[in-house]
């Protein structure tokens, strides 16, 4: 309790010193506060934030501070640190003493708590206690602390316990106000669940009925699988096998014994695959897609409504009466825009004003003002016909006949084509054996050519335009070439110094060399369009990656508690008698050990994530999970249930992609 | 040539005797012909047929005959016979002498040719020779004949040749006018191809670049796969491995050696899977889906336009002037509907007339007439409150107190629930061991209960309503129960007669027993909706099945010519030294032979189809195809190309589903 109040007072003192960014302090007090309030509303509308805040001047200043980028980054930083603690806690990829991780965790918890206290000062008190997000975070902090204390006490007594509350850590990522996107995606998934429930039940019914049929047809025939196991003699194993068949992971294998026995039995399996793998999965996808779209549309409609309401609030804070209607004076409008978007240029602001006020009166009307948030979101690229710096420094030289000729050459289409050819030749050289000195030296030639290209382009075009924010490909080219130059030089230096290639540096050199080939994409219009589309949908994909990481994290932590240490990986030269059965006697001569899957284990969080990726990719998932099961538990019903839940969840998520 | 003219005259004589179905012959000649012409147009509009035909009375009569259901079924029958010849031709599942199959094939070719000649009499001559479909069929018939003659000659000389033109057989299925749907699907796919080309090229570029990187990173490390093969040392093998990884078929295996060597290398594979398996495949799907929708929309727009044009033609054939506008008299309208839809009831026809003529004048206007084709396509279910037959025969008994009580019980909701419970109990009994006599006898109890249920329902509801066309579930129930009754009785009879269970009969009994459980679906409203939706999209799915069968057929025939006899299956008790390596010394101790995949071969058309289904399901496809390759050809570049083409094609088709 003491700690809590300390965190609170700490947050208070922070709030007292709050500096509002971009705020001119010389203006009078009253209008200033109105402006601040309006700017806060416009900010929220612009970034689709949806936090109810108190409108008192003090609370608005606190709210500014709450939304300050440094505070947001700090929050994300602590969330990241908290999540990445799993790397260092037992079972650890990089072990650290318990005291260190515990201290870091307490630090994170304090940070989360103070963020929450800060939020409670910003938002109306009654709303704060009604919001499940806040309650959820508070309860999680409490549980984490209790768990930590118990663990600390037990670790002093040398008793190893399970740290259950590590599973709860992703709650911070999901429930802090900054993760609106992830929360929205979660909500959409949750809303879809009841509607796919019936399809799922029907699907399960079909799997169960087919399994029953399989047991009746094949169970009494004493058939054996290729591994010598009994074939559909046990009902639950049959269900599991046919469930795996839905994911196609054991596709011909499960059919072969029956097919070998009588070829007509193949019809059973083909009918099963058509019905369950193709038809039911397509129906799943269709239902999920339709409902997801529906819910997303609702969400967006709600967002648009909230945005408009916020802009109305902002308008009400600044309005003055002009004739019969309320308007905002041009001067206040300009102040507001300066506050909201301090980094846009004067000309840009003038442009926005002209759009909002096309009648050229000295005020902005209500409807025009409501559009401001959208106007601010429009990216305006300022094209300036700048003079090349060399032209202003050495005008005579830069305008000489030779220089003009160079410009003409660089601007010619043939220049691009020439370098496309060079890239293709380079690709062939990369594919060739790099042991011969000729090829190794060719690398220097290519590097020189690429650097020459960049220099020529910088000479011809204005460097500030060449390196503008939206010139993705120029940045990419330059980065790849400069990095390759550095890596190749370092490699050559190391080699001449020690007659020894550093494998890491060499790997980087190889990767950079191949990445260089990507530049060819930029030369074909249609490829550029596809790549640009992919770049545009990147933010949405990243949201889903966040979502998947949350789910992976939970499963990885649970998996580590259950399965860690059960399967061990031995280096190739190990002499351990269990090296060929992954450290578990049970796995001797199993498919798992024979396929050298020993590194697919839950011994630390990195391995766990890789195993989970493999499970998401679906192929061989049954084998990996089965081994996890038999090394830890008896393959009982509850274990199968766990497997099925896990896979269904992952399947569901994958379908959203 | 002689044969051709014979077929022609044959078709002529047929046409002379053509009987137009449902046509009253007592009316005057002239209007009759107009009516026939109009009816032909309305028919075409109603079924979206799109055949230009001559408008002379003789040609119209021929056209009726051309579209007669018997002719269509005959055409499909001959196509089916022609396609199924592959079952009996060498390499055959059921071998027949060459003479028999050759004779049947000639018969089919004659049938196709006479169908074509018939068509040439219906359609205008210049259009007939411009239509590529007809030319295509004619050339195929010619090629087939030549091939057959050469083969026959060589078979007399005991020389085995390749029958190349068997690949062309699906052309009949696709190119006869009856297969509009399949052709439309093919056209849509063909139209999509150019638009996915660029995505495909980018995807291939990515695969090639990643393979290059993999070769550079892992090739020089002397790593070995679990099978002891070199790891990414050869560029083309690397490309193949990474291509297989896109289909996830070798998912963790291809990563494990690098992952075991250094865990950071897993990032390479995860990046590859995210980029190529998830992102690129999603983009593929999106592009295909979008373009397919676009082309389908165009097709449907075209269809609607054609339909309207045909209805206008029909109107023009029948119009008379009434005041200032052209109309159709009610009498002629009725004649027309009688011609077009002879099997609809009088009340239904009156209903259509009232819809078309709501002003209650004695004629039908142009716009109302144009809607006729759509009106005819609307399914009208006639609900008749019929008296139960027993009620009219034995009114006293049927209305007695006991009888009324039975009706009340059967109509009560509890009746349905009771039988749901019985089905569930039945499910448990089915799952239990059926060796014990108690369980075997329970089967008779359940059968009796189900039969009782059907009889009670027939007693309560009118049998004609119970077995109406749209009562799918009633039909299903009755069929399953009656079949189970017969099968169980036959089984019991056989058992008591010979103390021996016929395995085939027993299998059927088992299948029928489990199918009975499906009835539970009917009791849950939401399940019924899903199943009805699936039944409604069945025709579309069947079109795609037809499409896939065409592609399978081509690949199966080609595969049989190349791979047949290379891999052989031996029964379990075989003593052949090659039994454990599928009859090919090369496969000794291979994964293929160890997994007992020997029956996955191209030795006859049935096996080929099953192999192709397995390839479509994707899992293990690389292994199966690789084995096909090493047993027949050297794994050369051209072989890989063939594999890639095949898989890409199948992938493409699967994505349409």
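Numbering starts at 1 and runs along the chain as displayed.
Here the Cβ of each residue, glycine as well, is placed from N, Cα and C on the backbone.
Automatic prediction, not curation, is the source of TrEMBL annotations.
Quick look at what TrEMBL annotates:
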REGION    A:1-29  region 'Disordered'
COMPBIAS  A:7-16  compositional bias 'Polar residues'
TRANSMEM  A:69-88  transmembrane segment
DOMAIN    A:71-294  domain 'Ion transport'
TRANSMEM  A:94-114  transmembrane segment
TRANSMEM  A:135-159  transmembrane segment
TRANSMEM  A:196-219  transmembrane segment
TRANSMEM  A:231-249  transmembrane segment
TRANSMEM  A:269-292  transmembrane segment
TRANSMEM  A:415-432  transmembrane segment
DOMAIN    A:415-654  domain 'Ion transport'
TRANSMEM  A:438-460  transmembrane segment
TRANSMEM  A:472-494  transmembrane segment
TRANSMEM  A:530-555  transmembrane segment
TRANSMEM  A:636-654  transmembrane segment
Message = Considering only Cβ pairs within less than 8 angstroms, which of the stretches A:69-88, A:94-114, A:196-219, A:438-460, A:472-494 has the most against the transmembrane segment (A:269-292)?
response = A:196-219
Note = Outside the transmembrane segment (A:135-159), at least 6 residues beyond either end, the same-chain residues with a Cβ under 8 Å of its Cβ set are 98, 102, 105-106, 109, 112-113, 116, 129, 165, 168-169, 171-172, 175-176
Ask   = Residues of the same chain, at least six outside the transmembrane segment (A:438-460), with any C-beta under 8 angstroms of its C-beta?
value = 390, 406-407, 410-411, 419, 422, 426, 429, 432, 466, 474, 477-478, 481, 484-485, 488, 513, 516
Inquiry  = Counting a contact as 3 or more Cβ pairs under 8 Å, with residues at least 6 apart in sequence, do the transmembrane segment (A:196-219) and the transmembrane segment (A:231-249) touch?
reply    = yes
Key: Rounded mean pLDDT for the residues that make up the domain 'Ion transport' (A:415-654)   = 79
